[in-house]
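Here the structure comes first, spelled out in structure tokens, and everything after it is commentary.
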Amino acid sequence: MIVVSGSQSQNLAFKVAKLLNTKLTRVEYKRFPDNEIYVRIVDEINDDEAVIINTQKNQNDAIVETILLCDALRDEGVKKITLVAPYLAYARQDKKFNPGEAISIRALAKIYSNIVDKLITINPHETHIKDFFTIPFIYGDAVPKLAEYVKDKLNDPIVLAPDKGALEFAKTASKILNAEYDYLEKTRLSPTEIQIAPKTLDAKDRDVFIVDDIISTGGTMATAVKLLKEQGAKKIIAACVHPVLIGDALNKLYSAGVEEVVGTDTYLSEVSKVSVAEVIVDLL
């Protein structure tokens, strides 16, 4: 098995190759003057199985690059390709929200199913998207890695999900932290006032670990942090698998009172402090 890196996951691919005790295949990436993407497999390929690791932070570039890498590898005699897309782009457009919309991940699933033999990702936003694929679709969970990272940073914490849909993440983290877990519930007090508080637990005088699969604009989590602080919470650490963090998301979170924001290297950002390399190796 050879490990091939896309341009957006070079460090992560190196970590995976090292754990697998194999050399990272040399790939050249560049752009033509008109901005079209160029890839070239530089090393000689003497294996019929390849793993491409290419996260999809710059979504459209990553998708085209992956298609080109697959084509180049097939030409070099590779028979089986596993695509590891730690952050799988377009996964949130998993249904029609308005008439006439494309179901983006379904369209891409058809492409992936024709060019690779297996797809691996980490914490997809909705797991039912596996049904769009006609190849094995495997997903791993990086929440335990996030929980391990904060284990010595919090004192007798409670673990909170930002909503009921993320409760499973809180439950997973709570087992590692040996802590109680809950989710934040919104209660409308009036037409203009909403209260956000843990469903059953009391955050007063407690350290808090809030965990979700993705932080995008940071607005919802920042509001929750601010209200938890007002309710007497002590240290608050916010964590997510995919730190998309659009615009001033980090500023919102720190201004609201977060002590630290933690993410993984599925989506490289300044808070990507936890690697999913071991999770990927376990899935391979």
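Yeah, the Cβs are placed from backbone N, Cα and C, and that goes for glycine too.
Since we're looking at a predicted model, the values are computed, not measured.
Per Swiss-Prot, the features are as follows:
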type	residues	note
BINDING	Asp34, Asn35, Glu36, Arg92, Gln93	ATP binding site
BINDING	His125	Mg(2+) 1 binding site
BINDING	Asp163	Mg(2+) 2 binding site
ACT_SITE	Lys186	active site
BINDING	Arg188, Asp212, Ser216, Thr217, Gly218, Gly219, Thr220	D-ribose 5-phosphate binding site
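A sphere of 10 angstroms centred on the C-beta of Asp212 (D-ribose 5-phosphate binding site) encloses 23 other C-beta atoms. Remark: of the binding-site residues Ser216, Thr217, Thr220, the most isolated position is Thr217 (fewest other Cβ atoms within 10 Å of its Cβ). Residue environment of Asp163 (Mg(2+) 2 binding site) contains 15 other Cβ atoms, counted within 10 Å of its Cβ in all protein chains. Ranking the binding-site residues Asn35, Gln93 by how many other Cβ atoms lie within 10 angstroms of each Cβ puts Asn35 at the bottom. For the pair Asn35 (ATP binding site) and Ser216 (D-ribose 5-phosphate binding site), the C-alpha distance works out to 27 angstrom. Cα spacing between Asp34 (ATP binding site) and Ser216 (D-ribose 5-phosphate binding site): 31 Å, rounded to the nearest whole number. In the three-state DSSP scheme, the residue listed as 'Mg(2+) 2 binding site' falls into the coil class.
Among the binding-site residues Gly218, Gly219, the residue whose Cβ has the fewest other Cβ atoms within 10 Å is Gly219.
Of all the binding-site residues listed (Asp34, Glu36), Glu36 sits in the most crowded Cβ setting, with the most other Cβ atoms within 10 Å.
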